[in-house]
Amino acid sequence: MTDHSLALLDGESAELLPTRQALGGITINNIVAVNLAIAVNAGGWHSNAIALANQWIGVR
Amino acid sequence: MTQPISPQSAPEAHALSSPAPTIAPVPDARSAEPASAPAGMDVPHRAEGVSLLGEYEGGGYDEPRYLVSRGDGQMVLLSRMLYAVAEAVGDDRTLEEVAELAGRAYGANLPPQAAHYLIEQKLQPLGLVTLGPPVAAAPRADPLLALALHRVLLPAKVVRRLAAIFAPLFAPVVVIVVALALVALDVWLLGTGHANLSIHQSIGSPALMLAVLGVLLANTLFHECGHAAGCHYGGGRPGAIGVGVLIVIPAFYTNVTDAYRLNRRGRLRTDLGGIYFNAVFAIILGAIYLATGFAAIPAVIVLIHLQMLQQLMPLVRMDGYYILGDLVGVPNLFEQIRPILRHTIFRREAERSVTNFRRGTRVTITVWVAIVVPVLVAALVNILIFLPGFFQTAMINVAHYWNLGFAGYHEGNAGVVAVALVSVVILLVPWLGIGSLLTRTVMKAVRLIIRRRNASAPRHRRAGQTGHQQRELVESDVRGAE
């Protein structure tokens with residue numbers, strides 16, 4: 001009984017909650033508009049820009 | 001919104017609203033030996049700025065959980081017994097009185113030593129209640145996969161004004177109209193082929209590119225206003241809007257910590273407010289397109305839809321994560337990964353944090369863990385394997401755009417300069433995020449080692465007693481009660 005009661009006291013939970021930050025990802029890497037001269041994120045994270053003469057938008 | 005269990009100034013009203021406890025009763029306090037706390041330490045005090053916010057509504061636990069906010073804004077989720085003790089503290093009540101009041105509110109007898117134990121072991125380390133001098137630096141939640149390098153763009157005061165202005169958009173009739181308008185817009189754009197045509201034709205010049213980026217940034221900021229307005233509509237007080245880096249993704253954020261104290265509906269409204277405002281933004285752009293025929297707009301609307309879908313993924317702390325957490329009633333899903341893995345994979349005995357969930361909640365969280373852990377591990381391995389290649393590519397492109405910017409500057413082409421600068425920033429942000437993540441990981445590891453080392457040393461509890469001695473004292477008190 002004693003150990004049981006102490007175990008119950010130890011089991012009482014107190015949890016720190018993280019700051020709640022509602023995020024809005026700036027997903028500009030969705031646009032992989034490739035232009036040989038002015039591609040904005042040709043080397044951006046996870047983008048696979050290929051320099052082409054044509055304009056295109058790659059959407060992940 | 002959640003309501004306090006009882007008025008703080010009315011001791012007789014300190015009764016938890018939930019039914020009698022299901023736990024085994026603690027021995028009768030009246031028959032126990034008097035608490036032997038040293039003089040001057042038997043009157044616990046609530047720490048300055050602590051507010052008891054009442055039940056965390058819509059929780060997925062077997063037993064209700066209760067919210068407390070500290071003076072520094074840190075929210076803490078407490079079990080019923082701890083909340084009863086925290087609520088009983090005050091008005092210079094002695095430990096015996098606190099124990100009696102808390103026990104009565106909880107529905108079981110609580111010896112003063114047990115109350116002392118709970119305060120000293122649970123409430124005091126978190127900076128909620130003190131038995132002696134205040135805790136010098138109460139800990140704060142510091143999740144690893146949180147936003148890093150954040151800076152405030154709009155202070156809370158401004159955000160609250162904006163939230164009040166936009167809050168009427170959450171009136172049910174407006175929500176219905178927006179939903180119908182979005183469906184009509186999508187059907188029209190896809191049905192007429194305007195979206196395809198726009199994607200193939202629209203983007204090509206630096207100026208247009210910057211315009212598209214500017215519109216997407218404005219859309220993301222408006223998304224944040226949606227969270228703030230949703231929080232405000234439910235009765236919460238949104239905080240600042242800022243910018244930071246989530247692992248490798250640059251992101252705006254709104255501090256809606258106050259939404260914890262809203263009911264489930266209010267929290268979900270706050271979570272979905274961002275996506276809802278994206279829909280409003282898309283409809284406004286659609287109206288501009290109808291009026292002007294500006295070719296790039298349908299492509300931007302398509303990109304906004306993709307942003308909305310990305311936000312719904314519950315893998316990292318984007319909107320989908322909070323939506324899932326609020327649907328199952330668990331405010332911090334990432335904290336459940338370790339106990340779930342220990343129980344399901346390593347077959348260890350389930351911790352109380354796991355067994356305290358309702359069955360449906362436990363199943364949902366287990367499925368989420370089964371998905372999110374492999375995905376995050378795979379992403380981490382992918383980053384580590386390809387890190388040198390990513391870095392090399394990024395640096396080559398930084399040099400390229402730097403040179404391009406210079407060339408544009410000498411030619412007097414402001415558009416090229418601006419695009420080149422934006423490109424350089426985009427290329428560098430993920431590395432700032434990775435650097436921050438690595439630094440925090442190392443610091444956390446060091447802190448953990450130090451904490452474990454300190455924990456292995458005898459701990460000074462109170463008035464010369466070690467933890468073992470104090471435990472003995474509680475046990476002897478309980479034996480006396482038996």
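First residue shown is number 1, and so on along the chain.
Placed from the backbone N, Cα and C atoms, the Cβ positions cover glycine too.
Bear in mind that TrEMBL entries carry predicted annotations, made automatically and left uncurated.
Annotated range for transmembrane segment in TrEMBL, selecting from B:124-145, B:234-255, B:322-343: B:234-255. Simply put, out of B:203-222, B:234-255, B:275-304, B:414-438, B:275-304 has the most Cβ pairs sitting under 8 Å from the transmembrane segment (B:162-191). Among the recorded stretches B:234-255, B:275-304, B:367-394, B:414-438, the one sharing the largest number of Cβ pairs closer than 8 Å with the transmembrane segment (B:203-222) is B:275-304. Counting residues 6+ beyond its ends, the transmembrane segment (B:234-255) has Cβ neighbours under 8 Å at 1, 145-156, 159-160, 163, 220-221, 223-225, 227-228, 261-263, 265-267, 269-270, 316-318, 383, 426, 429-430, 432-434, 436-437 in the same chain. Away from its own ends, the transmembrane segment (B:275-304) comes close to residues 166, 169-170, 175, 178-179, 181-182, 185, 188-189, 194-195, 197-199, 201-203, 208, 211-212, 215-216, 218-219, 222-223, 225-226, 229-230, 311-312, 319 of its chain (Cβ-Cβ under 8 Å, at least six residues beyond either end).
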